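Trainee: Input: one structure, supplied below.
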Amino acid sequence: MSSSPSAANLLALLRRNAASPAVALRLFLHLSSAASPPPPRSTSFLARLLAAQPAAGTLLPRLLRHVRSFPDPSPHLLALLYCSDVLPLRLALPAFRSLRALASVPPPPTPVYNRLILAALRESRLDLVEALYKDLLLAGAEPDVFTRNLLLQALCDAGRMELAQRVFDAMPARNDFSFGILARGYCRAGRSFDALKVLDRMPSINLVVCNTVVAGFCREGQVEEAERLVERMRSQGLTPNVVTFNARISALCKAGRVLDAYRIFKDMQEEWQQGLPRPNQVTFDVMLSGFCDAGYVDEARVLVDIMRCGGFLRRVESYNRWLAGLVRNGRIGEAQELLREMAHEGIQPNSYTYNIIVSGLCKEGKAFDVRRVEDFIRSGVMTPDVVTYTSLLHAYCSKGNTAAANRVLDEMAQKGCAPNSFTYNVLLQSLWRAGRITEAESLLERMSEKGYSLDTAICNIIIDGLCRNSRLDVAMGIVDGMWQEGSVALGRLGNSFLSVASDSSNRQRCLPDRITYSILISALCKEGRFDEAKKKLLEMIVKDISPDSVIYDTFIHGYCKHGKTSLAVKVLRDMDKKGCNPSTRTYNLLIRGFEEKHKSDEIIKLMSEMKDKGISPNVMTYNSLIKSFCERGMVNKAMPLLDEMLQNEIVPNITSFHLLIKAFCKIADFPSAQMVFDAALRTCGQKEMLFCLMCTEVSTYGRWIEAKNTLELALEMRISIQSFPYKQIIAGLCEAGEVDHAHSLLKLLIAKGYTFDPAAFMPVADALTNKGKKQDADMLSEKMMEMADFNDGLATDSGKITPGSQRHEHAKNGQSDWRALLHRDDSARTIMKITKRVRTGWGQRGNVYEHKQQQNDDFYVLENTG
């Protein structure tokens with residue numbers, strides 16, 4: 001049937017009205033009908049025009065209903081399907097089903113299937129990819145290389161590597177993309193040696209695939225294998241490019257091997273004229289993130305200066321990396337200074353910039369900081385988005401404050417900021433982990449009302465919550481049911497869950513995956529139910545879900561926790577047989593098991609095996625060996641391990657030094673302990689934890705002068721003494737007859753502006769009184785009362801003590817008690833008896849405070865240092 005003149009000119013009219021898609025749709029509906037269908041090109045043009053509009057969800061269904069009314073809708077349905085690259089999958093699928101329902105119309109050609117499969121892959125609908133591929137075969141269409149590559153990609157994304165390998169082997173024709181997809185899938189599954197086998201089968205070596213495998217080896221700690229592949233590339237005339245080097249640097253940084261990454265980066269800087277690629281923007285950004293993630297803030301600062309001079313610090317993305325590093329390492333003041341620098345340089349902060357600060361402060365876990373973040377959000381400096389609110393919600397959930405988290409959700413609704421699935425999942429996971437199942441049910445119903453359907457991620461949260469709340473058998477039953485019923489299997493938890501999970505359109509999306517089985521196997525191993533855990537492992541393999549190194553690590557960790565190290569070793573050997581390469585973490589878990597049994601010889605054997613396989617030990621590996629030696633009293637063998645770590649470019653951490661300090665103090669070798677402490681300060685920086693542990697260890701063995709000297713050094717550096725045993729040190733000095741040292745320590749605390757527990761004054765006041773130094777005792781009395789009054793003021797909500805209150809009367813009575821106490825010559829036991837009520841009023845609250853103004857920090861920090 002020929003088109004009418006108005007229909008023939010329809011395409012031109014649509015083009016003229018392209019700026020008003022709703023008008024274009026009305027023209028299409030008015031000028032086309034069953035008696036006068038438009039050209040399919042008009043349908044395709046209009047579909048693409050509508051798909052780009054925010055209201056596509058309402059406009060496109062009207063178009064689909066209209067073309068279905070044509071006597072022969074097949075050309076128009078095909079035209080819509082050719083637009084699958086821009087159409088939402090939920091709108092393309094009805095058009096596909098309508099076309100397949102037409103009995104007299106041949107099935108769509110392969111390119112149409114390819115577009116639909118690609119759309120399903122983009123939306124992670126891996127089940128739909130398989131269904132469309134099977135329909136293509138049943139329809140008698142011939143899949144081409146692109147079709148098979150898409151199927152291969154879906155299988156790799158699902159971790160079904162054995163089936164992916166079979167599909168690859170059965171492909172009648174392959175291209176470089178086929179090899180690259182399979183190699184990338186193996187690398188993502190932690191099986192880079194299998195990826196190397198794929199590379200070996202390529203007719204000619206490919207730079208992109210080589211870069212993928214190099215990065216895979218680096219992520220798994222197989223640096224030697226990565227270097228061998230790079231040398232192979234060079235020998236075959238393939239020059240590694242900057243992408244190759246960036247992949248190596250990025251992977252090494254993610255694996256915690258920042259010094260190895262920096263060595264490569266430095267070679268690129270210094271030897272680019274000798275054939276190495278020159279660092280680019282990505283190289284600098286990756287290296288900066290590596291330094292920041294590892295806590296090497298000083299090294300990162302030097303790199304930032306180099307970037308600034310070289311013109312590599314001109315993008316907001318680079319500033320955001322440095323900002324994130326500062327916030328993550330507690331340098332809030334420097335982060336604010338960096339924001340001011342961005343403004344001065346004309347770099348406009350984006351929402352991610354502010355979210356870095358919000359997220360970083362929330363992750364510090366201090367309730368005071370969370371309130372401070374809320375004030376920052378509402379100050380008008382930034383416009384909070386869903387990421388901002390989710391960070392705040394996560395902070396409250398991590399502290400178990402679900403009431404505040406729900407308040408954040410309500411505020412989002414008031415501000416018109418719609419929560420996404422991740423936002424709800426954060427709260428849902430918090431409720432399940434806290435065992436608040438009724439509230440979790442209510443949240444699921446709320447999510448259902450908002451249009452969020454259940455998927456595998458939500459099912460995994462529920463299964464994890466059941467396992468954590470001692471309902472492992474129920475969780476296993478649900479997983480078994482998910483294979484037949486999908487999300488409907490959750491109905492076993494009650495009718496409320498059944499009503500949420502009854503959406504049949506999403507049942508097939510809720511199939512168990514590798515994470516599901518990982519949760520179950522971990523829970524079974526924790527309970528020592530290893531036979532059932534092994535059955536679940538076999539079930540995974542039967543269901544074509546490849547177990548990865550994390551699954552095997554779970555078994556190793558479980559066996560070691562239950563003292564079955566011999567079975568853990570068998571799991572390690574089984575990994576080798578199955579082609580699943582063990583990682584540094586795998587060996588560390590096994591080494592930790594032998595550490596608990598004090599088997600240093602076995603640890604040494606495993607470390608030697610790691611080196612033979614090209615798996616580099618990290619600081620945790622060495623710490624296990626150091627601990628094993630120290631606990632056996634073999635500190636002389638533990639000490640040389642520090643030098644060995646440095647020779648292998650592994651930086652010892654605070655735990656490494658703590659183990660040695662503790663061991664030396666235990667054998668009363670305090671000079672050696674001091675030497676290790678000095679080395680720790682040079683290596684790790686002058687951190688609060690180091691000073692605290694040194695004070696604690698020497699105090700344990702009554703070395704009060706050494707403890708005092710360390711504490712005084714910390715005070716001079718304005719380090720918070722929140723966790724320090726300062727009261728024990730003062731009391732110990734007095735008991736040892738070193739009252740002058742105790743008195744000088746008190747005076748230094750006061751001079752440096754620290755406000756601490758008034759109880760610390762009492763042993764000094766007692767000792768001074770006994771020595772007849774009543775004037776000094778009186779001065780301490782006055783200072784003690786001032787500090788006590790100040791602490792009482794901080795403890796009240798208003799900061800003031802109202803006359804007549806119980807607290808006020810207690811303070812007044814307490815003051816007279818202290819004055820009477822300091823002019824008595826009674827023994828310390830009598831004094832403690834008299835002041836028992838006063839100590840209860842001051843000491844039990846635990847509110848010991850220190851005021852500290854952080855450099856370049858606009859916030860006033862009030863730290864609990866008791």
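Cβ coordinates come from backbone N, Cα and C, glycine included.
Not measured: the values here are computed from a predicted model.
For reference, TrEMBL lists these features for the protein:
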REPEAT    144-178  repeat 'PPR'
REPEAT    206-240  repeat 'PPR'
REPEAT    241-271  repeat 'PPR'
REPEAT    280-314  repeat 'PPR'
REPEAT    315-349  repeat 'PPR'
REPEAT    385-419  repeat 'PPR'
REPEAT    420-454  repeat 'PPR'
REPEAT    455-489  repeat 'PPR'
REPEAT    513-547  repeat 'PPR'
REPEAT    548-582  repeat 'PPR'
REPEAT    583-617  repeat 'PPR'
REPEAT    618-652  repeat 'PPR'
Trainee: Among 280-314, 315-349, 420-454, 548-582, 583-617, which stretch has the highest count of C-beta pairs below 8 Å with the repeat 'PPR' (206-240)?
Mentor: 583-617
Trainee: What parts of the chain pack near the repeat 'PPR' (241-271), using Cβ distances under 8 Å and only residues at least 6 beyond its ends?
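Mentor: Hits for the repeat 'PPR' (241-271): 207, 210-212, 214-221, 223, 226, 230, 233, 277-280, 282-283, 286-287, 289-291, 293-294, 296, 299, 584, 616, 618, 649-651.
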Trainee: May I ask for the residues of the chain that lie six or more residues beyond the repeat 'PPR' (280-314) and have a Cβ under 8 Å from a Cβ within it?
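Mentor: Cβ under 8 Å, 6 or more out: 242, 245-246, 249-250, 252-254, 256, 258, 261-262, 265, 268, 321-322, 324-326, 328-329, 331, 345, 347.
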Trainee: Is it true that the repeat 'PPR' (455-489) and the repeat 'PPR' (385-419) have 3 or more Cβ pairs under 8 Å, skipping pairs fewer than 6 apart in sequence?
Mentor: no
Trainee: Given a Cβ distance threshold of under 8 angstroms, which distant residues of the chain, six or more beyond its ends, lie next to the repeat 'PPR' (144-178)?
Mentor: 110, 113-114, 117-118, 120-121, 124, 126, 129-130, 133, 136, 184-186, 188-189, 191, 194, 198, 202, 206, 208-209, 513-514, 544-546, 548
Trainee: What is the pLDDT of the repeat 'PPR' (513-547) when averaged and given as a whole number?
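Mentor: That stretch averages a pLDDT of 91.
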Trainee: Of the residues in the repeat 'PPR' (206-240), how many are helix, strand and coil by DSSP?
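Mentor: Residue counts for the repeat 'PPR' (206-240) by secondary structure: 26 helix, 1 strand, 8 coil.
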